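K.L.:
One structure, as structure tokens, below. Some questions next.
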Amino acid sequence: MNEESASSEYKVITPSGNQCVYTSCYCEENVWKLCEYIKNQRHCPLEEVYAVFISNERKKIPIWKQKSSRGDEPVIWDYHVILLHASKQGPSFIYDLDTILPFPCSLDVYSMEAFQSDKHLKPAYWRKLRVIPGDTYLKEFASDRSHMKDSDGNWRMPPPAYPCLETPESKMNLDDFICMDPRVGYGEVYSLSDFVKHFGVK
């Protein structure tokens, strides 16, 4: 079976993009809400679903094909978060509510179009990816949204309408997820090439 026919049989595990809970510039919470939906609706086993934080030591990562892109230029994010569905039945798919690519998009297409390659980038822009199991993300992630306030306490971008996400242990641990030191936080940290090799078409 080739990738095209496998993709045509893929069952989407979230609402359509315009029906998802979405707040601009709060990608970490948008993905948390996707994980919550998948857990509640049981469209697939939660162990097939991962939150993927993309960043690096300098917090400068280029991603192409974003809604805020200008033409063919990438957006340089400090970090970005997407959802990975690593299905046991076929190719992996990416759910990115900020892309102009299909929602969802096969990992192979997303990696070619949105990630492209680190080969022609300066090392300061090389991407790393922290891959966290969906269940762990739901249980452990917390954000008081303070990173979205300026020095005067004003919102840089309007926050989500629902309450802040917190755990019994923490009200703010976002930096542990953005950090690409494998000794810190949850999940596994990959280089871009290792991520694509591990989760891409076998």
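Yeah, the Cβs are placed from backbone N, Cα and C, and that goes for glycine too.
Grabbed the feature section from Swiss-Prot, which reads as follows:
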ACT_SITE  CYS27  active site
ACT_SITE  HIS80  active site
ACT_SITE  ASP96  active site
K.L.:
Please report the three-state DSSP label of ASP96 (active site).
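P.N.:
Reduced to three states, the DSSP call for ASP96 (active site) is coil.
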K.L.:
Three-state secondary structure of CYS27 (active site) from DSSP?
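P.N.:
Its secondary structure by DSSP: helix.
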K.L.:
Validating a neighbour-count step here. Other CB atoms within 10 A of the CB of CYS27 (active site): how many?
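P.N.:
Summing over all protein chains shown, CYS27 (active site) has 22 other Cβ atoms within 10 Å.
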K.L.:
Provide, as an integer number of angstrom, the distance between the C-alpha atoms of CYS27 (active site) and HIS80 (active site).
P.N.:
7
K.L.:
Cα-Cα, whole number of Å: ASP96 (active site) versus HIS80 (active site)?
P.N.:
9
